[in-house]
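Database features (Swiss-Prot):
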- 1-19: signal peptide (SIGNAL)
- 20-459: topological domain 'Virion surface' (TOPO_DOM)
- CYS43-CYS302: disulfide bond (DISULFID)
- CYS54-CYS226: disulfide bond (DISULFID)
- ASN56: N-linked glycosylation site (CARBOHYD)
- CYS80-CYS113: disulfide bond (DISULFID)
- CYS178-CYS188: disulfide bond (DISULFID)
- CYS208-CYS247: disulfide bond (DISULFID)
- CYS242-CYS271: disulfide bond (DISULFID)
- ASN266: N-linked glycosylation site (CARBOHYD)
- ASN338: N-linked glycosylation site (CARBOHYD)
- CYS363-CYS370: disulfide bond (DISULFID)
- 481-524: topological domain 'Intravirion' (TOPO_DOM)
Amino acid sequence: MVPQALLFVPLLVFPLCFGKFPIYTIPDKLGPWSPIDIHHLSCPNNLVVEDEGCTNLSGFSYMELKVGYILAIKMNGFTCTGVVTEAENYTNFVGYVTTTFKRKHLRPTPDACRAAYNWKMAGDPRYEESLHNPYPDYSWLRTVKTTKESLVIISPSVADLDPYDRSLHSRVFPSGKCSGVAVSSTYCSTNHDYTIWMPENPRLGKSCDIFTNSRGKRASKGSETCGFVDERGLYKSLKGACKLKLCGVLGLRLMDGTWVAMQTSNETKWCPPDQLVNLHDFRSDEIEHLVVEELVRKREECLDALESIMTTKSVSFRRLSHLRKLVPGFGKAYTIFNKTLMEADAHYKSVRTWNEILPSKGCLRVGGRCHPHVNGVFFNGIILGPDGNVLIPEMQSSLLQQHMELLESSVIPLVHPLADPSTVFKDGDEAEDFVEVHLPDVHNQVSGVDLGLPNWGKYVLLSAGALTALMLIIFLMTCCRRVNRSEPTQHNLRGTGREVSVTPQTWKIISSWESHKSGGETRL
């Protein structure tokens with residue numbers, strides 16, 4: 001017989017399937033009642049079970065999921081967006097330069113994106129330089145365009161890897177899912193036409209590292225394997241197991257929702273699509289730890305109550321409540337009818353909320369209907385109160401449930417800008433706002449007045465300027481010649497020493513201005 005301390009199936013069935021310890025258990029199937037003596041009372045051992053007489057234990061190795069899986073397998077990745085920055089320079093006639101920057105998108109290639117990502121992660125200055133605005137060229141009276149291609153890497157961008165079909169899930173993908181990442185195709189399209197998603201590690205197999213090797217003991221009967229004792233000493237049955245692949249690895253999904261990869265000779269069917277593997281994380285391990293502590297404490301309380309019953313030779317409803325099975329599965333139910341101790345076989349199910357078994361006043365739901373009482377007595381210490389309400393002793397004990405609520409926490413992950421469903425993309429290929437924050441600022445640089453003439457206007461202006469300059473030169477040359485001719489004549493007149501003044505009326509010659517001034521005036 002397998003040692004009872006190693007058989008632990010009921011404990012694992014509940015917490016791994018439901019994630020929380022039940023606030024209560026109640027029979028969903030209840031056999032006929034039969035009278036018993038107090039010496040037939042026993043405390044249920046909620047930690048043990050016996051399995052089909054598999055007594056042969058042998059050491060073996062198996063593979064199971066690591067702690068932390070498989071709620072979601074995170075695959076780190078990055079997005080790559082192609083951007084073209086265009087610098088347009090116009091130099092006008094007077095030499096002023098106007099520079100205008102424009103940004104558009106281009107479709108990136110996976111190889112170029114991988115190289116840009118490696119540059120960024122390695123701190124290579126080539127990545128930052130690739131994001132700088134182009135140095136514009138210029139030419140007088142011409143418009144010169146200079147373009148520069150850049151790849152904007154935004155990381156991290158985390159996607160969830162589905163271990164069942166190895167597809168990726170993220171809101172950055174067009175339909176929320178990408179099935180194209182494989183050896184031949186190492187990128188996914190996104191909900192932006194000029195952005196692709198790529199995994200950080202090009203070796204995709206490393207992203208599905210969710211398994212660990214363990215040692216245990218195989219429990220068998222002849223050539224048939226009934227179950228095994230895992231590395232932690234917990235027994236797990238193979239009854240009801242089905243075949244299921246995770247990340248391409250064939251294994252068995254057990255009835256409690258756990259997954260193992262082990263060699264068996266048993267005929268096993270494939271799991272239907274709705275048979276998935278339960279969560280195995282640190283929180284579930286913590287819950288199992290709390291469950292074990294609670295079950296051990298409850299068993300001690302049950303043994304104390306049983307000892308009190310044997311000592312006092314008397315039974316109370318409150319003491320009978322300690323004999324209830326605390327985990328789903330087969331067990332016993334006890335009650336007192338007409339001062340007679342009664343026992344019945346029962347199959348217990350878990351209760352998550354009290355409303356499940358107390359739908360209305362005076363009704364205790366068992367097996368889908370209100371269970372009848374006998375003089376206000378049900379079973380397992382449950383009675384009908386004077387006011388007509390069903391009284392359950394354990395209803396006031398909610399400490400463990402509070403522990404479960406304390407373990408719950410919410411996490412706000414980093415959201416990639418493309419994952420925002422409210423993002424409105426621009427029409428055409430104009431650069432989007434979400435990449436602008438990763439690029440240097442662009443603005444119009446104006447060094448002076450821009451005449452804004454078309455190409456033919458520039459040549460007309462040039463011709464008019466040349467003609468004006470030629471006419472100005474001719475005019476200046478003409479003026480200079482006239483000035484040079486007048487200067488010799490004036491010089492000759494000053495050289496005679498006397499100035500002659502002619503009066504047309506008298507034709508009389510006045511010798512000089514000095515004689516006229518001294519009084520030699522001749523009257524007509």
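Each residue, glycine too, has its Cβ placed from N, Cα and C.
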Inset, instruction - Inside 10 Å of the Cβ of ASN338 (N-linked glycosylation site), count up the other Cβ atoms and send me the figure. - result: 8
Legend entry - ASN338 (N-linked glycosylation site) versus CYS370 (disulfide bond) - Cα distance in angstrom: 21
Inset, instruction - Could you state the whole-number distance in Å separating the C-alpha atoms of CYS271 (disulfide bond) and CYS247 (disulfide bond)? - result: 15
Inset, instruction - May I ask you to report the DSSP-based helix, strand or coil state of ASN338 (N-linked glycosylation site)? - result: coil
Legend entry - Entry from the disulfide-bonded residues list CYS188, CYS271, CYS370 having the most other CB atoms no farther than 10 A: CYS188
Inset, instruction - Can you tell which of CYS226, CYS242 has the least company, meaning the fewest other C-beta atoms within 10 angstroms of its C-beta, among these disulfide-bonded residues? - result: CYS242
Legend entry - Neighbour-count leader, CB within 10 A, disulfide-bonded residues: CYS80, CYS178, CYS208, CYS302, CYS363: CYS80
Legend entry - Candidates CYS178, CYS208, CYS242, CYS247 (disulfide-bonded residues) - the one closest to CYS80 (disulfide bond) by CA: CYS178
Inset, instruction - Just jot down the residues in the same chain as CYS247 (disulfide bond), at least 6 apart in sequence, with C-beta under 8 A of its C-beta; none if empty. - result: PRO163, ARG166, CYS208, ILE210, PHE211
Inset, instruction - Anything within 10 Å of CYS226 (disulfide bond)? Look among the recorded positions CYS43, CYS188, ASN266, comparing CA atoms, and list what you find. - result: ASN266
Legend entry - Rounded Cα-Cα span from CYS178 (disulfide bond) to CYS363 (disulfide bond), Å: 51
Legend entry - Mean of the pLDDT scores, which run from 0 to 100, over the topological domain 'Virion surface' (20-459): 77
Inset, instruction - Just jot down the residues in the same chain as CYS43 (disulfide bond), at least 6 apart in sequence, with C-beta under 8 A of its C-beta; none if empty. - result: ARG299, CYS302, LEU303, LEU306, HIS322, LEU323
